[in-house]
Amino acid sequence: AVEPISLGLAIAGAAASALTGFISYPRLYGYFKECCLQRHARRAAAALQENLDKKLFGQHLVNKAVVKAVKGFLNNSNAKKPLALSLHGWTGTGKNFVSKIVAESIYKRGLQSKYVHQFVATLHFPHAHSINLYKDQLQSWIRGNVSICPRSLFIFDEMDKMHAGLIDSIKPFLDYYELLDGVSYRQAIFIFLSNAGAEKITEVALDFWRNGKKREDIQLTDVQNALSVSVFNNKNSGFWHSTLIDRNLIDYFVPFLPLEYKHVKMCVRVEVESRGYAVDEDILTRIADEMTYFPKEERIYSDKGCKTVDAKLDYYYD
């Protein structure tokens, strides 16, 4: 699903898209070839809700915010700007997983769809001295692909490793413009993934735990404002003093809470079932016990979330 940034590919795609205009039966063409706006908004929203309910554990804030944001956006025929979500939390808490589910809810091929574009900071933007070139390539890629499909989805991973100022190059595409050089970006979706702000999220979660409050009582308002300020002032966030935050162009800062022991066991169970293995409660417990937890004294949260569950299963079910 990872694509190189190439204006040539975008131009080639535009040419191919133009050819489809000569086909008299666009619905028939869409049956054989993947089409833009593949799923009806209502079906996409229902698929998103169902998959998050079944597969995402310990993230009630994420479930609520992402479903509300994506469902509302897909059903809005007159959106004033693209949808921009920024997902924050420790490694293994589900950020990549949720972006994958969003992609699959809109397009049957999910991350493999030609209308879903995934960028990884360390892979696509590795050199600080090439930042101006990256800016030009990124703008060209987005412009070319939205010209082909207005409902394009762009996912930016490892935002905390993004060179400062690079992400601001896409600011015009996220702003409240009806058209830019004849192109509307108002149906596009941008998702940013970052570890930045994880400390602030954990701080809120720990305060609730130490005060005897339930994890499920944490509200988005308890975290969101502090999270956006933390990310804005973090030099290693990819959003350091970013105009995207300064101009309020990020619609939701979505906090992923650190996962507890019980959530790790849920992850193990689902992975075992997905492989077709018999569920062995003893193995589930042993794998969860092998994970490391923090803070050191309380040992409440898994420091890798569910990230290493897959590898540990290889050992037990070899």
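Including glycine, each Cβ sits where the backbone N, Cα and C put it.
TrEMBL annotations:
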- GLY89, TRP90, THR91, GLY92, THR93, GLY94, LYS95, ASN96: ATP binding site (BINDING)
- 259-316: domain 'Torsin-1A C-terminal' (DOMAIN)
Cβ-centroid neighbours of ATP site GLY89, TRP90, THR91, GLY92, THR93, GLY94, LYS95, ASN96, 8 Å, sequence order: PHE97, ASN195, PHE256, GLY305, LYS307
Sparsest-packed among the binding-site residues, when each Cβ's other Cβ atoms within 10 Å are tallied, from GLY89, GLY92, GLY94: GLY92
Residues that sit under 8 angstroms from THR91 (ATP binding site) by C-beta distance, when 6+ apart in the chain: ASN195, LYS304, GLY305, LYS307
Among TRP90, THR93, LYS95, ASN96, the one of these binding-site residues whose Cβ has the fewest neighbouring Cβ atoms within 10 Å: ASN96
Per-state residue totals over the domain 'Torsin-1A C-terminal' (259-316) - DSSP helix, strand, coil: 32 helix, 5 strand, 21 coil
